Every structure is written in C-alpha cells, then in structure tokens.
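Feature annotations, reproduced from TrEMBL:
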type	residues	note
DOMAIN	A:87-271	domain 'Phosphatase 2A Regulatory Subunit A helical'
REPEAT	A:13-51	repeat 'HEAT'
REPEAT	A:90-128	repeat 'HEAT'
REPEAT	A:167-205	repeat 'HEAT'
REPEAT	A:206-244	repeat 'HEAT'
REPEAT	A:245-283	repeat 'HEAT'
REPEAT	A:284-307	repeat 'HEAT'
REPEAT	A:325-363	repeat 'HEAT'
REPEAT	A:364-402	repeat 'HEAT'
REPEAT	A:403-441	repeat 'HEAT'
REPEAT	A:481-519	repeat 'HEAT'
REPEAT	A:520-558	repeat 'HEAT'
TRANSMEM	A:593-613	transmembrane segment
Amino acid sequence: MGTGTGGDDSLYPIAVLIDELRNEDVQLRLNSIKKLSTIALALGVERTRTELLPFLTDTIYDEDEVLLALAEQLGSFTVLVGGPEFVHCLLPPLESLATVEETVVRDKAVESLRKISQEHSPVDLEVHFVPLVKRLASGDWFTSRTSACGLFGVCYPRVSSTVKAEIRQHFRTLCSDDTPMVRRAASSKLGEFAKVLELDYVKSDIIPLFTALASDEQDSVRLLAVEAGVSIAALLPQEDLEDLVMPTLRQAAEDKSWRVRYMVADKFSELQKAVGPEITKNDLVPAFQNLLKDCEAEVRTAAANKVKGEVLPEDSRETIIMTHILPCVKELVSDTNQHVKSALASVIMGLSTILGKDNTVEHLLPLFLVQLKDEYPEVRLNIISNLDCVNEVIGIRQLSQSLLPAIVELAEDAKWRVRLAIIEYMPLLAGQLGVEFFDEKLNSLCMAWLIDHVYAIREAATCNLMKLVEKFGAEWAQNTIVPKVLGMANDSNYLHRMTTLFCINALSEVCGQEITTKHMLPVVLKMSTDQVANVRFNVARCLQKIGPVLDSSALQAEVKPVLEKLATDQDMDVKYFALEAISGMYLFNLPTYIFSETFSFSSILFFFFSFSLSP
Amino acid sequence: RVVSSPPALEMSAISASEKVDGFTRKSVRKAQRQRGCQGSSQFAASSSRPAAPEISALPQLKDASSTEQHELFMQKLQQCCVMFDFYDTVTDLKSKETKRATLSELVDYVSTNRGVLVEPVYPEITTMVSTNIFRTLPPSENPDFDPEEDEPTLEASWPHMQLVYEFFLRFLENPDFQPSTAKRYIDQKFVLQLLELFDTEDPREREFIKTVLHRIYGKFLGLRAFVRKQINNIFLRYIYETEHFNGVAELLEILGSIINGFALPLKAEHKQFLMKILIPMHTAKGLALFHAQLAYCVVQFIEKDPTLTEVVVRGLLKFWPKTCSQKEVMFLGEIEEILDVIEPTQFKKIQEPLFKQISKCVSSPHFQVAERALYYWNNEYILSLIEENNAKILPIMFGNLYRISKEHWNPTIVALVYNVLKTLMEMNSKLFDELTASYKCDRQREKKKEQEREELWRKLDELRLQETSAIQNNRHEIQFTYSNNNNNNNNLHDKDENPAAAITDRIESNTWAK
C-alpha cells in the first residue's frame, strides 16, 4: 500500500496534518484524531512509522477525550504501519497512554495493547512487548502498574520459560503492591492469569496470592479475590480444592464486610459449579444458609436469587433444600426489605419442580400465598409471572382462590406500569385457569382495561384480547368479547370509540371472515360518519387493516363507497388515510391529483401530533 | 418492628453459641451492630442477635477513693465495650441508659482530672473506642443517595457514639496524654479504620472524625506520612474508581491546614499530590460538595510556592467543564481566587491560555457563566493585571466581546459587556480602534482558514476511498469501513454529499471557532 500513496506525499506534508492534530479547538482535534487512520494512510506506512508515531508519542498531554480516541485507534493500526512485522512501533504511544490517570483512557490503551500483542511474533513479543510490560509493572506511579496487571495474561503463554518465571515474579510483586488501586487491579486479573498458568504454578504461585488478596485489609480488594477464587477453583483437581481454596472461600462468606459477602452470594452459582456437588453439599450449604440470614438486605437479596441450588447432587437435592434451605426461605417470605422478597418471589416458584407435588402443596403453597398478598406489587407480580412452574407440578387450581384477589388488586393498581405488567400475564393465566374460570372472574377485568385512562394500557388490553381469542377460539370471542367491544362503538367518549376500532384491528384476523363481515364490519362502516375526525381516519385505517379478511363482494359493495366518501372528507388526515387505504388495498384507479408530496408529509406530521396528544 | 420468633427461643440459641465459642459471640455482635446503625433487617434481629449482657451501674468515680479510682475507671471502660442494638427501641433500655451515663461520666473524668492517664489505661481506651466506632459501614439505604438533595441516613446509635467520640477527643487533648505511649495502640491499622469511617453518611459523625484525625495528625509525627498516603488513596479511588465517598470535604479541610504547615521548598510528594490528585479532583461529579475546600487547598499551595501557578492554571484549563455550567461557575470562582493571590510575573505566563478560556466563558449562552466571567472586571487587582498586559489580552478578548455585545440574548450580559468594552477601550484606545477596524477582516480570514481545512480533509477522504477500492485486501476493507462508520459524525466527506448537513456543520464550526 506504500506505493499507492507515494505520489501524494508531497501534497500532504506532515506539518499540515500535525497542525490538524494540534488544532486549538478540542472538538476539531478530536475529529482529527478519530480520523487518524486517514492521516496515516495519506502518509504511507513508512512516514507513519517514522514521523506520525513519534509525534503522537511525544505530544501525549491532551484532553482525556482525545487520548481515549487515540488509544482506540492505535489498537487497529497494524496494517497502517506495515503489518505484523512492524506492529511493535505502536508500543511507545500506547505505553504512554497506559500510564495516564484517567481510567477510561488507560483501560482502552490496555485493551489495544492486548489486541496488538496477538499480532506480535513470539520473538517480537519477547524483544518488544514483554520489556514494555516489565517497565509498566515497575513504574513509579500506580497507573502504570495497574495497567501492567492486565497484560501478563496475554503474553505469558507465548514466551520462553525464563521469561515466564519473570512474569510470574512481577505479578507476585504487584499483588502485594502498597497502593490498594494496584492490588485491586491484580486481584481482578488473578483469575485470568491463573487460567494461562501451568497447574503446578497455579498451586505454588497463585494460591498464596489468592489467600493473601482474599485477606487484604481493604474490602474492595477482598471482594475481587472472590471472583478470582471461582476461576481458580475451576482449574484445580477436586482433591486439592479442600486444602487450597475452601478455607479462603469459607472465610469470604463470613467476611466482616457486607460487600464481600454480597460477592459470595452473587457468585454462588458459579462457585457451586466450580467446586462440584460434594463440596457444595457439605460446605457451601451451611454458608449459604448464613447468607440467606445475613444482616444486610443486599446480601440476602443476592442469596435469595440463588435458592434453587441447580448444582446440588441430583440424589440429595430435594433433601438438602427441604431441610436446610426451605426454613430460611420461609423466613425470607416475611422479610422487611422489599428487594429481598421480590428476588425471592422471582425464583421461589422454581422450587416446586424440584420438591415435587406433595412438598409443594404442603410447604411451598403457603409461601406463595403469603407472597401473593405482599404489600409490594413487584413481589406479587414476580409470583404471578412464574406461575407456569407451579402449574406443571400441582396445577394452578390450587392457587386460584388466592390468585384472584391478587390479580384484581394488581389490575387496579394506581401505577400504570404495574397494570401493564399484569396484563402481559393474562394470556398465560387464562391458559392455565381455563375458560370457565376466566369468564367468571377475569373477563370483566380485561374489558375494564379497554377504557383505562392510559393509552399504553388500552393498547396492551387490545393485544391481550387477541391473544385470548387465539387461546379460546373464535366462537368464544363471538359470545363473550365481541358484543362488548362493539358496544363501545356507541360510547360518548371518542377515545373509547377508537378503542373499538383498535380492537377490531387486532381481532379480525383471529376471529375469521364470518364474524368480521357479519358483526364487525357494519359497526366500522357506521362509525365512518363519526363527528370526531380521529375516529373517522381510524375507520379508514381499520378498513385497510381488515380488508384482507373480507371477501371481495363485501369490499366492493360496502367498503369501497365508504372509503370513497372518506376520501372527500373535509379533514385532511381523514382524506390521507382513506386514500392510503384505497391504494393499499388496490381497490380503485387512483385519482392522482391528491397525491402531492407536501400534502402527505404534513398529514403524517399532523397525524403523529394528534395521536400523541389524544390520550 | 415485628418480631417473628419468640424471645425465649432466641435466648437459648444464643447462650448455646456463647458457650461453644467466645469468638462467635463477638463476630455476631459485630454484625448485629452493623445492622443496628442501619436497621435494614428485622430478620437478623430475631434469629441471630445475641442479647447484650445487661450492664448495671457501677459506683461513681468521684465517690471512689483514689486507690480504687483506677480500677473503677478500667471497669467502666470495659463496661462501655458492650454494644446495644439501637434499632430495637424496646429492649435493653435500662442498660443503654447505664452505658450512656457511664460514657458521659468518663468524658468528664478525663477532661477534668489530672494524672488519670496511666499507662495501663491506653490499651483499654483504644479497645473501647475501636469497639464502639469501627465497623463496616452499611450499604446506603438510598442507592442513588445524592448528598445535595437527600437527607442523610443518621447513625442510630449516635447517643452512645457521640459520647465515645467526645471521650476520645478529651483523651487526646488531655495534658497528660503521651503520644509515645499511645503510638503502640493508635497505629497505622487504627488510622486506616478511622479513615474508612469518613465515608459515613452521618455528617455529625464526620465532623467528629475530622477533629479526631486532626488531633492524631498533630500529635503522632510518625503517622503523618502514612495518613497523607492513605488520604491520597481514598481520593484516587474516589476520582478514578467509585466517584463515591461522603467525607471528601472533611478530608480536604484537614489537608487545608496540613498544607498550611508544609515546609519550603515543597517536597516532590506534595507537588505530586497537588497535580495528580487535587487538580484531577475537579473532574468529579460531586464537585459542588467540596469545591470550597478544594479551592482553598489549591490556593494554599500557590501562596506557599508561586512557581506552581502555571501548572495549576494549565491543569484547571485542561479539566475545564465542557457541558456543566454549574461547575463552570465554580471553576471561574476558583480562578478568581487564584488571580487574587497571583504574582504579576506568574500572571504573564498563563495569561494567554487563561484569557482564551475566559473569552469563551464570557460568550457562554448560559448567562450565569458569562456573568461570573464578566465580574472579573469588577476586581481591582485583576483589572490592574489586565491593564498591565492589555496588548496581549485585548486581542484575545475583543472578538467575543464585540460579537456578544450584539448577539447575547440576556440584556444584563449585554450591559456588562458594554462596560467591559468601555474599560478596555479606555486602557488602550489605539489598539481598540485597530481591533474594531480589523474585526471583519479577521472573521473572513478565519472563514477562509476553515475552508482550507475542509478542503484538506476532503482530499484526504478521497485518497482513502481510492485506497480502499484499490486494495482488494479484505482486512483493509473491513478496517476502513469500520473507521468510516465510526467517524461519520462531523465527517467532512459526508458534508459534500449532504448539503443540509454541511450547513449545520458549518454553523457548528463557526460557533466553535473564535
């Protein structure tokens, strides 16, 4: 590619480009930096290497935003400097960027360094990259040492054993650095580094580091070690776990800082997988019990999310949950903190599949019922949203008597988001409770939502009706909901009349041609003379929507005259949508004069305005 | 609060665990204490809470004979190590009152009596204080706690804790207090735990810790460097990692007085602290909460060593707020404080970059920013500096002032700008006339320069397009498409294709350019 640009070099003296990168205006400087690849391309690979990169390395003092863009660009600069053979000349500017204070810049520089490390040959890695890592690791200011932590892992697997030993030594030093920032960085990279080490070194090097970091004086270091512990446990053979990592993990679960305990609770599933079923059973279960009883709500919330215990050994899972976990769960149901209860509610139903029918009826059902009556709507919603798990085991009937008041209350909640959430579960509930129960208890709720004062609820309610008809069939629709929906066409509130149209839009297809033609169409046509323009143009839209369901005789005889009439309406939006419908259904030869562009554009705008204001 | 398990059951569980292992009790109590100050859970209270052993009032110290006094003092200190759950307002009422009375008696005792601080009481006192105040701070009840808006969560056990702090202060201030004895107990670990407590949400507690730390810094020379280093670490974590720490203002207040006492010439460590911590601290989201203290520290440094002026001002200019007007006003305030103490020779070094920024602020569409910057002209000393250097400053300021005098939406600003222009004209009417005359030319020259830039970029983009199509190498193509996508905002190449975008861009770049 050098040849392609050779002739243009004189056109773009580096001074001009550098001027751009030095522009006084930060925004312009930023733009220039973001197009650094263009500049490099104009210069050609050689001048990029000999002139541009030294310039970038020297003038590293700039706004962090500019530096961030630079750090990112350099990560994909390899071809622009002449390919992998020359990739090492990107190291000096990135090295400076990796020592910057601003974390975002530094992290980006490290990311780019990790990326280009892969493009180094093993020799270049040892000659150029590893020395850089060592320099960073022994830098004076904490920033360079922090950055170094993220680079050991990428070079370790590809260097000779002597260099490997040096790298391990550097990592060890950083783990006991005297600034907590560096120890945090080391702690967060410990797991990653362990993964590339030989097993013997994991045992001899990593374990002591892990133990030390996990008992650091700063809780921010300790909590990062927990995550590392999970990775390390996964690397070790089963027989070593008990001696090498378990004491430390046990200690973390009882740490005096709630942040560390929270981390253990949060990583509990991963931890179980890493240590396997036996240790989980003997060791983690008691620890877990304590986490469920923790004095901080944050910890209990994190633990409550994990009560299902997926990794427990198959044969003893039920017993363990029954004897050890369930008693704690029972207490959590009446926790004072809503987040704890809500976390529990989202997983508690899952226990029923593990415990089986009898246990569910005897032990879990009472808990579900308590949570269904909880004062916080989120808790109740979480229970309802997971009803399918219980349905598989005991059938939802067991719950129906308590379910109903809970649903009714949520359906009438003052917060529309809560109402919206419960609507979304209606089809699921209807499917599980059966048509009879539904007609008797829930149908009226579903109809009430259609006249909710919040548009989002009305919209969700129409969609809900469609799903219900999909479940219960057209005949049910004709008997129960269609009459009520059509009845609203005579409502004095135009928003309710429009809801009729929206319902028809949603229902026509699932109800089929007969119901649509016989029952719905006449109502729609009648509404075409409504005095509110919004209703009239929605009639046009509705006709377009239900057109495909109707047969052609109905279209020609009934729909066509109405649309033609609407197309001459005084209101321009009504006209617009009538014409839209006509053209959309290929009903007629179109009168072209009406389609001037400005007209339709403004109509659309107007339509959106009127629509968004209407509820 | 609802207690869910019967008290009898609770009691038996506790006594069993106490018998097995003394440590269990201590750790559980500690955990319970954490909750006590937050009360996030009744659950822990009902199942794992140990009942605090009842404490009964001992005889008054003042009634004891001098031989018994020491022994009694020790006993009382030990008694005060018993912790109570303040979230539970029903239980242990009598014991709580006893402890409160004892603590307040101890406060009196150490502040009014001489010769009571004999060596054996030092470890007892440190233990008592540590037990009472050191704890892991609980999670904030309000995860989005905004110190400017929200009420802080107050420490529930304050009735005891306040007295403990008070006692500790009187102990440190007692004329018999021997730092050489105390340093065995008030060590690095102790100080580290104390510093962590600065994060407490309770402002009353932070106020006490501030005074305590100040005393410790004053009396324990061996701990000074350590304290400074740990404060640095807290600040660095605050700036670059968490952006959350409640006690920044208090720590800065202490540092303000520490800086005051620095010896000259300043050590490299102190300069590093200024440049690597105090200046970047201006970027923090919560700047408003501690800006006064921060500005005070910065000005202290400049007063100590005026040669620091240039790096400080350049540092502030580097971190000048781009979008937050509220912060911009604070920066302008701080710059004025610096200008108030600046030496004229130092002023010359920074006048150009500084007044370029001030010129931008003066033309800010946010009237508070413009107003704050224009107020500089009410400051006699600044005015004299400007007058002295008007040949440099006038050309920098003129363009924006002239434009704003015609364009700004806010009449107050326009009036202020007229005054400033008048002042400048009086300073150097010849230069002023020249600038007025060349104003139009300058604008045109700027425009032309802008066009040249656009032309350059257009050519570069063409070149890139050629390259991309010429090279059939997949890798290249992917890379360039990628960078192309990345950069299409403000992309000059796009402008040519889309006239509308070009116009908006030009307008934008006009506002950017001065």
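Including glycine, each Cβ sits where the backbone N, Cα and C put it.
For the repeat 'HEAT' (A:245-283), the residues of the chain that approach it from at least six positions outside its boundaries are 207, 210-211, 214-215, 219-220, 222-223, 225-227, 229-234, 236, 238, 290-291, 294-296, 298-299, 302-303, 306, 309-313, 316, 320, judged by C-beta separation under 8 angstroms. Mapped onto DSSP classes, the repeat 'HEAT' (A:90-128) shows 30 helix, 0 strand, 9 coil. Same-chain neighbours of the repeat 'HEAT' (A:90-128): 53-54, 56-57, 60, 64, 67-68, 70-72, 74-78, 81, 84, 135-136, 139, 141, 143-144, 146-147, 150-151, 154-155, 158-160, 163, counting only residues six or more beyond its ends whose CB sits under 8 Å from a CB of the stretch. Non-local neighbours of the repeat 'HEAT' (A:206-244) in the same chain are 171-172, 175-176, 180, 183-184, 186-188, 190-195, 197, 199, 251-252, 255, 257, 259-260, 262-264, 267, 270-271, 273-276, 278-279; each lies 6+ residues outside the stretch with a CB under 8 Å from one of its CB atoms.
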